[in-house]
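S.K.: This structure is in structure tokens; I'll ask about it shortly.
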Amino acid sequence: MSDVEKASLPPAIFIMGPTASGKTALAMALREYLPVELISVDSALIYKGMDIGTAKPNAEELALAPHRLIDILDPAESYSAADFCRDALREMAEITAAGRIPLLVGGTMLYFKALLEGLSPLPPADAAVRQRIEEQAKEVGWEAMHRQLSEIDPVAAIRIHPNDPQRLSRALEVFFVSGNTLTELTKTSGDALPYQVHQFAIAPATRELLHQRIEQRFHQMLAADFEREARLLFARQDLHTDMPSIRCVGYRQMWSYLSGEIDYDEMVYRGICATRQLAKRQMTWLRGWDDVCWLDSEKPTEALDKVIEVVSA
């Protein structure tokens, strides 16, 4: 698409960044200066009852700056990048029709990429095929299923960990249903996003600063009674660590603690380490991102001014 064609499209803003980088604060501040409506791009914030461990904006913040696509699912439900694209496009169209600018804020980079580039049409879920895969996994184990995927689709097998049964079974299911591998089907993207997108990434200037912010926020979550929140979920007995909700950083480690597998101090240590690993993956995505304007989270006023300047140009 040419620059002239892009300029004729309605505007949208992406604010991306690693966890604990100040994305939400920047997005909320922008509401005072630009006619924006916020859409959350976060695979953890979609879940109801998972507030403290996800650093979800609190009730007061949401009253001041409502976020769409927050609290839309029960933790027992799953949500795909395709689901996100469908919902986000609907919300963006509604915001644009009202004469305002959709501002998408979050750290789930796969969602941003899927929305920006479009998704290849994959075969719909097939319950019977999925059941056969899960039954086979019970017999031989997920390690063996991963070896099977390595023979069918070695590229996908490199990306998918043997301890990720949801993604592993989906990759196998796609092949058994369509006869094509997940890698083959995702080589071609779908329709590009019909918006002029202004893309920003916010992060501290150094890794050390980001690590400090992550550790500080994890301890703040614990002080806000994250353990009690996790215990309420644990007590339901219909949730487990194979589910995307409980695989979220912090919750997975809290689950191990509540199960008696590790003690409290080990849970805290692992939770902080897992959050740092998440931030590292997010930064890896962003360093390879095209057309992104970097902002320093330690200089919030300058970051705010830069976004306003770029969007208003």
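Counting starts with 1 at the first residue shown.
Each residue, glycine too, has its Cβ placed from N, Cα and C.
Positions annotated as ATP binding site by Swiss-Prot, on the basis of sequence analysis: G17, P18, T19, A20, S21, G22, K23, T24. The annotation substrate binding site is assigned in Swiss-Prot to T19, A20, S21, G22, K23, T24 on the grounds of sequence analysis. According to Swiss-Prot, the feature region 'Interaction with substrate tRNA' maps to 42-45, 166-170, 247-252, an assignment based on sequence analysis. Summarising the annotation, Swiss-Prot assigns site 'Interaction with substrate tRNA' to T108, R130 and lists sequence analysis as the type of evidence.
How buried are these features, and what lies next to them?
M.R.: Spatially close to T19 (ATP binding site) yet at least six residues away along the chain are A55, G107, I214, V249, T275, L278, A279, Q282, judged by Cβ distances under 8 angstroms.
Within 10 Å of the Cβ of T24 (ATP binding site) there are 22 other Cβ atoms, across all protein chains. Under DSSP, T24 (ATP binding site) is assigned to a helix (H, G or I) in the three-state scheme.
Taking H, G and I as helix, E and B as strand and the rest as coil, DSSP gives the region 'Interaction with substrate tRNA' (42-45) the counts 0 helix, 0 strand, 4 coil.
Sequence-distant contacts (6 or more apart, same chain, Cβ under 8 Å) of T108 (site 'Interaction with substrate tRNA') comprise V41, D42, S43, F84.
The local packing around R130 (site 'Interaction with substrate tRNA'), expressed as other Cβ atoms within 10 Å of its Cβ over all shown chains, amounts to 16.
Long-range Cβ contacts of the region 'Interaction with substrate tRNA' (166-170) within its own chain (Cβ-Cβ under 8 Å, at least 6 residues beyond either end) map to 78, 125, 130, 133-134, 137, 142, 145-146, 149, 160, 182, 242-244.
Listed by sequence, the residues of this chain that lie at least six past the ends of the region 'Interaction with substrate tRNA' (247-252) yet keep a Cβ under 8 A from its Cβ atoms are 19, 43-44, 50, 53-54, 218, 221, 226, 230, 233, 241, 271, 274-275, 277-278.
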S.K.: If I restrict to non-local contacts, at least six residues apart, and a C-beta distance under 8 angstroms, what lies near K23 (ATP binding site) in its own chain?
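M.R.: The answer is I15, M16, G17, V105, G106, G107, I202.
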S.K.: Cα-Cα separation of S21 (ATP binding site) and R130 (site 'Interaction with substrate tRNA'), in Å?
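M.R.: So the alpha carbons of S21 (ATP binding site) and R130 (site 'Interaction with substrate tRNA') sit roughly 38 Å from each other.
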S.K.: Out of P18, A20, G22, T24, which of these binding-site residues is nearest R130 (site 'Interaction with substrate tRNA') by C-alpha distance?
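M.R.: Closest recorded candidate to R130 (site 'Interaction with substrate tRNA') by Cα: P18.
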S.K.: Excluding the flanking five residues on each side, which residues at least 6 beyond the ends of the region 'Interaction with substrate tRNA' (42-45) place their CB within less than 8 Å of a CB in that stretch?
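M.R.: Sequence-remote neighbours of the region 'Interaction with substrate tRNA' (42-45) are 53-54, 56, 67, 69-71, 79, 84, 106-108, 110-111, 244-245, 248.
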S.K.: Just counting, how many other CB atoms are there within 10 A of the CB of G17 (ATP binding site)?
M.R.: 27
